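Asks: Per TrEMBL, FAD binding site is recorded for Val257, Trp547, His548. The feature domain 'Glucose-methanol-choline oxidoreductase N-terminal' is assigned by TrEMBL to 295-309. Per TrEMBL, active site, proton donor is recorded for His548. Per TrEMBL, the feature active site, proton acceptor maps to His591.
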Amino acid sequence: MPMTHKLASIDDVSNKTFDFVVIGGGVAGCVLASRLSENPSVSVALLEAGNAHFDDPLITVPDGWMQQMFNPEYDWVFRTTPQKHAKNGLTTPDGLQHESFFWTRGKGLGGSSCTNFLFWIKPQREEIEAIEKLGNPGWNWERYFEATKRSEVFTPAAMNNFPQYLELYKETSVGTSGPVPVSFARTVSGIEPVLQKALESLGVPINDDGTGGNLSGTFKSMSTIDGRTGMRSTAASGYLIPALSRPNLAVLTGAYVRRLVTKSESEVVATGVEFEHEGKIYTVNVSREVLLCAGTIKSPHILELSGIGDKNVLERLGVTVRLDLPSVGANLQDHVIFTGSVVAMKEDQGFVTSDTIRLPEVQAKLHQLYGQDGGAIALASSGVTFVPAQVVSSPERVNALAESIEHKLSSQANAIPSGLKAQYEHQLKMLKNPTIPDLELVIFPVNMHPVGPPKPLAGMFPVLGHPFSRGTIHAGSNDPHDQPLIDPNYLAEDIDFELLVDSFNFLRKAMATSEWQMHSQGELLPGPAVTGDALHEHIRNCVSTTWHACGTCSMLPKEQGGVVDPRLKVYGTRNIRVADLSTLPLLTAAHTQAITYAIAEQAADIIKVDHGL
Ligand SMILES: Cc1cc2nc3c(=O)[nH]c(=O)nc-3n(C[C@H](O)[C@H](O)[C@H](O)COP(=O)(O)OP(=O)(O)OC[C@H]3O[C@@H](n4cnc5c(N)ncnc54)[C@H](O)[C@@H]3O)c2cc1C
């Protein structure tokens, strides 16, 4: 391990006092630990349950995630409660259908930025503005855009294997000096430009500025890849490792946080954090603040285990109630993706997929292109398309679907909490606006369904951008070792299912164009004969998470279902903040890592102001 990778020992942390204790060394935790410790007079401890994984090729090589998934060294391997309206198909360890969904989350320094699929996508302007309009002054596009650019540095890649797949972006929409190098992937499948052409023939434009606040259209997405090396960038490599030599920063790995230690004054005050390390329980003291960055699943869980949450939940578990805050763990939203599609591409056109990349002739070709010192040969997904619902469904059908929600809002007015009503009103506005994307169409060059010898196989996956269904995450016992009960309540609202079906049917339209058929051997799964009710059943049985869940510690007014205020402070507490993806009150159609970096950057600004740092 290089000298600069200095980690703390248990003696550096146990019973010691720090100004700030950050819980969880994932995206948000690395940003906060790094930004706050920039000031040498501020002491910061970061507690991460997983290991450091420095220089681990399963992380640094872009497609190493395929070997991390379901491996407990890298993945928390969370499971949801059995779902009533959907089954997890294909993205499961055995490839079979399960009622309980598998929820991968990155464990170790860098968190899920080490295990994610590297897409670097920024939201639509109106999605960010909705956050402000829901009662969070200052959380607007301008501030978001400045923060997101501060986290990244655009590093163009020297070459790629499909130059006709255009790398379009505007210089004003990317950062030039942030810690996280982003770029366009060097090795792509080559199927993406084919889909772009097919979609263009159906009226979907190519977007030349996908990171500038308008997501609509098809584009080659950027990735968290350093264009100079071809390797994955993570929150650990970008933010944390360069800060490890600071004497005022102590980073302890293998430190599993059990609960916050609090005292009650006029508000709840955190005095420390209780954690487990190598089988023993310790406490670290805090003089200023505890910053929860354990992600959408564990941040609400840790609050509940600390007695902060819905008293009905806590009393049932035998947890002493320190603060009755009913919205902890509520408002869970997640992107649902239909993954039950496999398409075969023609074999003589040089397509590179998860199946074909290991073939010696493909490896040799890529090595010849990049040179021997060009870094690892690894495939990255980058084919994204974001479309308004009016593209996949007729405008009349979209209006009818919107009316079904409006009817629910008026007929069940007393049963729908006012906070959810406000969110639905924003969602309906976005749904009815034919310029704001509601759905994503992904071309995924990874074969989820092995069927015979290596061939260029890919998936055509539609994703719901703004689901109406809401779920919960709550502790199921008072034992910190037990996983919380995760109930995303997938596809509970009919509109979610209907839009998913329409989106797949639209992808089939794209597959029927001559632009596509010139390059494809056709649909293998579910197969063109599967339509109507059979298709509906197939779709319900083959969905997955995209691992973008948010909302369980929502930033909203308290009476609207808020857990944290616009300064990310937990209501009713003096010095506990949450600064990770769990605070996002309304899911954006965009993938969520870029927004998490930006939330944490803004959190650091707020904390610095509040403490005069
Ligand atoms: C498989 C997968 C694929 C994804 N693909 C993409 C993608 O392509 N593009 C994209 O934009 N987003 C993607 N995401 C989502 C993105 O990675 C997340 O939105 C982002 O990482 C959220 O950041 P976070 O800080 O909230 O949580 P995380 O990054 O998950 O960090 C939470 C950290 O807290 C630690 N922790 C949890 N509990 C404890 C505890 N009790 N004690 C101590 N430490 C604890 C965890 O180990 C982890 O390090 C993907 C996620 C996954 C899992």
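Just so it is clear, glycine is given a Cβ too, placed from its N, Cα and C backbone atoms.
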Asks: Based on DSSP, tally up the residues of the domain 'Glucose-methanol-choline oxidoreductase N-terminal' (295-309) by helix, strand and coil.
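Replies: The counts are 11 helix, 2 strand, 2 coil.
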Asks: In terms of DSSP three-state secondary structure, what is the assignment for Trp547 (FAD binding site)?
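Replies: Trp547 (FAD binding site) sits in coil per DSSP, no helix or strand.
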Asks: Are there any residues in the same chain, six or more apart in sequence, whose C-beta is under 8 angstroms from the C-beta of Val257 (FAD binding site), and if so which?
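Replies: Set apart from Val257 (FAD binding site) by at least 6 residues yet with Cβ under 8 Å, we have Ile23, Gly24, Leu47, Ala49, Val273, Glu274, Phe275, Ala294, Ile302.
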Asks: For the C-alpha pair, I'd like the distance in angstrom between Trp547 (FAD binding site) and the residue listed as 'active site, proton acceptor', rounded off.
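Replies: Roughly 9 Å, rounded to the nearest whole number.
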Asks: Give the sequence-ordered list of residues that share a chain with His548 (FAD binding site), lie 6 or more positions from it, and have CB atoms under 8 Å from its CB.
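Replies: The list for His548 (FAD binding site) reads Asp334, His335, Leu581, Leu587, His591, Thr592, given in order along the sequence.
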Asks: With every protein chain in view, what's the tally of Cβ atoms within 10 Å of the Cβ of Trp547 (FAD binding site), excluding that atom itself?
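Replies: Taking all protein chains shown, Trp547 (FAD binding site) has 23 Cβ neighbours within 10 Å.
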Asks: Across the record's FAD-binding residues Val257, Trp547, His548, the largest CA-CA distance in angstrom?
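Replies: Binding-site diameter by Cα atoms for FAD: 23 Å.
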Asks: Inside 10 Å of the Cβ of the residue listed as 'active site, proton acceptor', count up the other Cβ atoms and send me the figure.
Replies: 25
Asks: Should Val257 (FAD binding site) be counted as helix, strand, or coil on the basis of DSSP?
Replies: strand
Asks: DSSP secondary structure for the residue listed as 'active site, proton acceptor', reduced to helix/strand/coil, please.
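Replies: Assignment for the residue listed as 'active site, proton acceptor' reads coil.
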